[in-house]
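Each remark here refers to the structure printed beneath this line.
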Amino acid sequence: MLNVPSQSFPGPSSQQRVSSGGRSKVPLKQGRSLMDWIRLTKSGKDLTGLKGRLIEVTEEELKKHNKKDDCWICIRGFVYNVSPYMEYHPGGEEELMSAAGSDGTDLFDQVHRWVNYESMLKECLVGRMAVKPAFPKDYHEEKRLLNGMLPKSQVTDPLAKEGPSSPSYDWFQTDALVTIVIYTKQKDIYLDSVIADHRDDSFRAETVIKDYSYLIHIALSHEIQEDFSVRVVENVGKIEIVLKKKENTSWKCLGHPLENHNSLIPKKDTGLYYRKCQLISKEDVTHDTKLFCLMLPPSTHLQVPTGLHVYFKLTITGTEIVKPYTPISDSLFSEFKEPVLPNNKYIYFLIKIYPAGLFTPELDHLQIGDYVSVSNPEGNFKISQFQDLEDLFLLAAGTGFTPMVKVLSYALTHIPSLRKVKLMFFNKTEDDIIWRNQLEKLAFKDKRFDLEFVLSVPTSEWNGKRGYISPALLSEFLKRSLDTSKVLICICGPMPFTEQGMKLLHDLNFSKDEIHSFTA
């Protein structure tokens, strides 16, 4: 195995390292945008310096290429010459150099796990690492029997000491149904803990258990209907997935194991899994922000937990591009808008369209009925942060409001200890304020909710607060209902806003446990 550099990533002095643990973008030179990079990769220019050859790279050879103008990095066994990409990298050159001449897989996963590097760097591919994998002596027999599944001892044994107890599963059938039962051995399991997909003849069910994922991944022995149901018995952590047979015949076996079947692995080590969702509607919310409604496939069970996000994936000029977005409810509360679609099959997103951008114009050009790939949920927000919470403060700028929608709704409906929720919403102008009427109605309806708008470019008629996030604004806003109140502060917005806000919150002596920064 290659030695992974011991330094943290980004480097301690990197332009990307911020106090919040979030990720900063470094200003790029003109002509160094993502679209410029895509044009360069399609220009036919030799970006590897090998004139189209692919080579096998030894560890010793890799170590030699550790300079800015000669920088090779290994990611998951493939070696890339990233020197041409240096000036196009949003995270700056220093971030790439921290993995120069080495295996940067772990470092890459800390910041970029969701990025489709194979597509972005395909013209920079030097070749494969010349590293022989160490197989167990019975590997070939295991591979033949288990169809690619790792031997069970390799998957579960190392986790027994540090992770949750390894789950198990069973199945049974009737004439018309097949039921897969997962025993998680955990109490805090909910419907949004389970993500299930049926695609062709394979069935995949991922259960998120704390910071781990338990995977059922099977090539089914018989055909099933598209739709299926998922039921969770929360107090015992049992999950039942009911499949409908296409033919009323008896199954002799459930099927054959596929990759990572019956494995419990750290969530950070699982790859993103996508399914295609259909665009059902889009409507204007402000002059530059739209509400998109996507429909999940009938063969998917997916509910995005509060505080988490997903990734959209589109192919733009032949390159797969991904962007994070946080699902919201279709309104702040159902009393003001009758639901017209069943909630469990539709996901809503508030998305700002940037006319000069690369991704959002493509998204906006999608027609009703078109498809976009949507990933499994990601993020590090824990619902346990709401435990015994008394005061909740929300700091949002622009579309940084989106994660606050579900947080706000959940807090007002599920936290009995809650005394007060306050939202400070930063925008440029009144026309930029998302869902202003709904927010004002909610503040009128629920006396626990207070609302303040702050505008940086107001008209002369504006009577509210003006300016940017500042110590004066925050010290006045962040007043506990009691001196001993348990507090949580959530912040989200453009990275400069979030970085400045985090610094000010620390200066005001709020602890790390009292602050959550939404970054992706």
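For all residues, glycine too, the Cβ spot is worked out from N, Cα and C.
Annotated features, as they stand in TrEMBL:
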REGION    1-27  region 'Disordered'
COMPBIAS  1-24  compositional bias 'Low complexity'
DOMAIN    54-130  domain 'Cytochrome b5 heme-binding'
DOMAIN    164-255  domain 'CS'
DOMAIN    272-384  domain 'FAD-binding FR-type'
Helix, strand and coil totals (DSSP H, G, I; E, B; other) for the domain 'CS' (164-255): 3 helix, 55 strand, 34 coil
Within the predicted model, mean pLDDT of the domain 'FAD-binding FR-type' (272-384): 89
Per-state residue totals over the domain 'Cytochrome b5 heme-binding' (54-130) - DSSP helix, strand, coil: 32 helix, 22 strand, 23 coil
